[in-house]
Amino acid sequence: MDLDQWISKVKDGQHLSEDELQLLCEYVKEILIEESNVQPVNSPVTVCGDIHGQFHDLMKLFQTGGHVPDTNYIFMGDFVDRGYNSLEVFTILLLLKARYPANITLLRGNHESRQLTQVYGFYDECQRKYGNANAWRYCTDVFDYLTLSAIIDGTVLCVHGGLSPDVRTIDQIRLIERNCEIPHEGPFCDLMWSDPEDIETWAVSPRGAGWLFGSRVTTEFNHINKLDLVCRAHQLVQEGLKYMFQDKGLVTVWSAPNYCYRCGNVASILSFNDNMEREVKFFTETEENNQMRGPRTGVPYFL
């Protein structure tokens with residue numbers, strides 16, 4: 001496995017062969033299986049939100065924030081679906097994980113799921129680019145190994161979606177059996193699917209999975225777990241980044257500019273230096289993004 005050569009190849013817009021991709025996926029699974037459900041990460045590190053198959057914009061993200069391994073990254077899931085280059089996005093992230101395992105942390109998002117990828121594009125894309133479903137199978141097997149959250153210097157929790165009524169302490173996240181398809185309910189599901197809302201406690205989510213959670217829930221969770229902040233992604237933010245609640249105890253980071261090639265939003269990444277001081281970097285879409293057409297099919301999001 002010549003990882004450096006493969007990285008150059010994928011950055012140049014080529015695909016790995018089916019056999020190379022299989023080898024890479026098996027290799028990365030061996031790294032991921034060692035990671036905790038709450039993977040400890042040291043600052044300095046840069047936190048990123050959804051990418052959704054926008055490969056050229058991911059390349060711009062690295063130009064904006066610095067390249068691995070000079071910059072350490074946490075990607076909070078939703079690498080695939082919706083954009084037209086999910087395969088390239090997931091492949092390059094796997095290659096960087098294989099080459100620099102200590103410098104990049106990949107969290108699972110609700111789209112890292114066999115079920116959703118068959119509806120929202122990744123399955124069809126793999127079929128189109130490889131002529132069969134093997135590549136999709138290799139990648140979706142890796143999904144089951146991805147960790148659920150990361151904690152920066154013990155004080156900032158990163159998770160794709162949000163909180164769960166079944167998770168009061170971070171230790172409860174450590175106990176989840178993660179090596180499976182995302183369940184339809186329960187704590188694992190909630191971490192992937194929940195959203196913050198301007199309420200006090202809990203409410204039913206319009207997404208049909210996870211919960212809406214409010215200010216008091218978030219403040220209590222942070223207090224009990226000695227956290228300064230919960231970082232999450234999962235929701236489009238027109239301005240790229242949004243703090244929630246009076247105490248700003250939660251932030252949404254969104255890293256797919258001009259989402260779906262038509263939303264007109266900016267993207268952001270959130271950097272923490274060695275003193276845990278924060279810096280937001282914003283970026284807009286690439287020329288390639290602008291040349292893409294709008295979505296081919298109007299599949300409604302609420303399942």
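Each residue, glycine too, has its Cβ placed from N, Cα and C.
In Swiss-Prot, the Zn(2+) 2 site is described by ASN110, HIS160, HIS234, and among ASP78, ASP141, ASP190, ASP198 the residue recorded at this site is ASP78. Between the alpha carbons (Cα) of HIS52 (Zn(2+) 1 binding site) and ASP81 (site 'Required for catalytic activity') lies a span of roughly 5 Å. Reported as a whole number, the C-alpha separation between ASN110 (Zn(2+) 2 binding site) and ASP78 (Zn(2+) 1 binding site) equals 7 Å.
Highlighted in sequence order, ASP50, MET76, GLY77, GLY109, HIS111, GLY161, MET192, TRP193, ALA233 have their Cβ within 8 Å of the centre of the Cβ atoms of ASP78, ASN110, HIS160, HIS234, the residues recorded for Zn(2+) 2, and are not part of that set.
Cβ proximity to the Zn(2+) 1 site centre (mean Cβ of ASP50, HIS52, ASP78, cutoff 8 Å) flags the following additional same-chain residues: GLY49, ILE51, GLY53, GLY77, PHE79, VAL80, ASP81, ARG82, GLY109, HIS111, ALA233, SER255, ALA256.
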